[in-house]
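What Swiss-Prot records for this protein:
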- 51-52, 129, 175-177, 195, 241-242, 262-266, 272-273, 321, 491: NAD(+) binding site (BINDING)
- 409: active site (ACT_SITE)
């Protein structure tokens, strides 16, 4: 099993010419390749897209077999992918998904990192994260708006809606955490982001997600102070260990205005540098002593969470940004680790109740103009959504495309299918140079069960009920999504989440119209259904307004 091959450079084809038999197979082929584009993936030579060890394919042989299968797949065939390996091609029908993916799923009793790593070493499994193994990662842009919405709501709740002159302390500049500095400045706040890898900081500087790197903590704090006094947002990256830097900031009596963290704490072996360790020592011992690495990392996480708790007790808005760091600290004896909330119950759940979540699309042409034309179409179809218009304007101005040009914007039930149909009409008319794919993060209102993140503190106590993402995947399959994925462990690690994804192609056909109308209505509707079933009044009202048939509501 060959995983590391830094000589392999993968980039998706561009333009209107097909390399597969149809756009319904060309699309997953290009998006798989795009996940491993050097401008997109964190460690493309190792097939790692983001999130610690979130991979696009199990190994390079599996990648090559998937590519070959997609190029030869007929319009009535479906490819099955098991944890990054193609395992079967079956006759289905043209409206069925062309690819069905299951990644990292384990029977609950065995759903631990230890058992996963054992299978991973044997070549029997891979970690798909959320959008890595489901082939719809679009770089850090994919989480920028969700992070922006979180920071805006944080400012609204705690600072009268104005983050000017405020600053956010955080850590982690990987594929997900790398969105934080840009999201902060877009929301009007400055940001100090601690990152242990120089390469990650360099990547965020190069792609415009962070403004400047400080030489040391003194300079970092001086830059933050200067920007706050001027009320001009600035993002500052600092190389260092999160536990050490957070503790030193607290020791100095410096008070941030908001505190969070987005290191890859969900994976204590591969995702978090233990305090006092060098990168070289960490990388070597991950192979020779993974249990020792995990133990040291969790001790350091506990130290960092204790500092976050101290800020929380001092009245600083402090939030877990979905990496399960509180759980790791709890397991290390920090009894009150969950005293500060996760970002979903604190700031995002009202959006989920209306089926609003991370709608994203990507231009298979490779031409940025196709994205700009779709941006304009979104504004035209949603003329009264000033907040969304402002987001789209900022995104065009501040977000650099990584790989195939793409866009993210949070829209909900009743709007997603309208946008999908409009994009398909633009492909049909030739206004767009090639088809568009529409997908989303697995972090959405109806597609995930994650008691320490998306479904934390549900109104009815149903945090751990994972029937909902399974139903979401089944419904998207029945509705005709182009590819559907069902994963375990994304975001928060083994044993803590199950989640589903879907992607659908706008190829300009009338058949695509029918599929788009079904999928892009049903997918967000499952989120409204899930939250209505849990008793949220906003979701119940939305379900009734939209005419959803939910028998248990009466």
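Note: Cβ is positioned from N, Cα and C throughout, glycine not excepted.
Under DSSP, residue 195 (NAD(+) binding site) is assigned to a strand (E or B) in the three-state scheme. In this structure the C-alpha atoms belonging to residue 195 (NAD(+) binding site) and residue 409 (active site) are separated by 27 Å. The number of other CB atoms found within 10 A of the CB of residue 175 (NAD(+) binding site), across every protein chain shown, is 29. Taken residue by residue with DSSP, the residue listed as 'active site' is part of a strand.
Neighbour counts of Cβ atoms within 10 Å were compared for the recorded positions 273, 409, and the top value is held by 273. Looking at residue 51 (NAD(+) binding site) and residue 409 (active site), their Cα atoms lie 21 Å from each other.
For residue 273 (NAD(+) binding site) paired with residue 409 (active site), the C-alpha to C-alpha distance reads 33 Å.
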